[in-house]
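Trainee: Mind having a look at this structure? Questions to follow.
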Amino acid sequence: MGVSNNITAVLNFIALMASIPIIAAGIWLASKPDNECTHYFRWPVVILGALILLVSLAGFVGAYWNRQGLLAFYLLCMAVLIALLLILLVFAFIVTRPNGGYSVPGRGYKEYRLDGFSAWLRDHVTNSGSWEKIRTCLADSNVCAKLTQNYITPDQFYAAHISPLQSGCCKPPTVCGYSYGNPTLWLNPVNPMGDPDCLLWNNDQSILCYNCNSCKAGLLGNLRREWRKANVVLIVAVVVLIWVYLIACSAFKNAQTEDLFRRYKQGWA
């Protein structure tokens with residue numbers, strides 16, 4: 001195996017290792033309750049990471065056993081996958097840039113407005129056609145049940161940093177003026193016309209505020225927060241992959257030159 005192929009093999013091993021955090025980030029995203037209920041975002045990152053791993057493995061084999069055809073296949077596929085990963089990153093950054101959260105005086109958590117998020121997220125995640133399934137999925141999860149286990153007194157709950165999903169779906173908007181019973185039990189609103197969601201609140205544990213716009217906004221807030229965290233990992237991974245790819249292209253050209261020179265010498269021998 002030539003020097004250039006040695007370099008390419010090492011680079012492909014690095015690319016293979018870089019695919020692992022991509023897959024891990026995808027699995028982490030898919031495991032979140034909100035992503036379990038929204039199928040748009042569950043598996044794209046995992047699939048891309050798995051494809052990068054397989055292509056990197058093919059490139060490693062091609063470099064180690066000097067299979068030029070396999071190396072060319074690796075370079076072509078890796079270029080496509082890096083481009084797809086970049087497109088996914090830019091798209092995720094654009095659609096998660098708007099933030100519908102706002103601070104509430106005297107509360108450790110934020111509340112969320114649906115119109116504060118991107119139109120694409122609103123149209124594809126919270127439209128009437130998909131929300132009924134998402135609502136049922138959220139009601140069947142333990143997102144709100146966790147609150148009653150963790151917080152007992154009003155002071156504990158008001159100071160808590162609960163998730164956007166819990167803020168939007170598990171309690172009524174603060175402006176309604178409900179009295180605290182427990183995190184999912186609220187009584188006697190003093191301002192029931194303060195927000196349309198005030199009239200949608202129901203203490204039935206299967207209903208709560210799952211029909212509220214604040215719940216839809218909370219779901220988008222959760223998606224935004226989780227994708228922002230995952231993007232940090234993906235950005236580092238894509239920088240490593242681009243660096244590896246550029247050096248691998250140079251090493252591939254050098255390997256072809258070495259092979260051509262070796263054949264030239266053999267022809268004159």
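All residue numbers here begin at 1 and follow the chain in the order shown.
Backbone N, Cα and C atoms are what each Cβ position is placed from, and that goes for glycine too.
Features from TrEMBL:
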| type | residues | note |
| --- | --- | --- |
| TRANSMEM | 6-31 | transmembrane segment |
| TRANSMEM | 43-65 | transmembrane segment |
| TRANSMEM | 71-95 | transmembrane segment |
| TRANSMEM | 230-248 | transmembrane segment |
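In the displayed structure, how are the listed features positioned relative to their neighbours?
Mentor: Remote same-chain partners of the transmembrane segment (6-31), defined as residues 6 or more beyond its termini with a Cβ less than 8 Å from a stretch Cβ, comprise 41-50, 52-53, 56-57, 59-60, 62-64, 71, 74, 78, 85, 226-227, 230, 233-234, 236-237, 240-241, 244-245, 247-248, 251-252, 255.
Tertiary neighbourhood of the transmembrane segment (43-65): same-chain residues 1, 5-6, 8-9, 12-13, 15-16, 18-20, 22-27, 29-30, 71, 73-75, 77-78, 81, 84-85, 88, 230, 234, 241, 248, selected by CB-CB distance under 8 Å and a gap of 6+ residues from either end.
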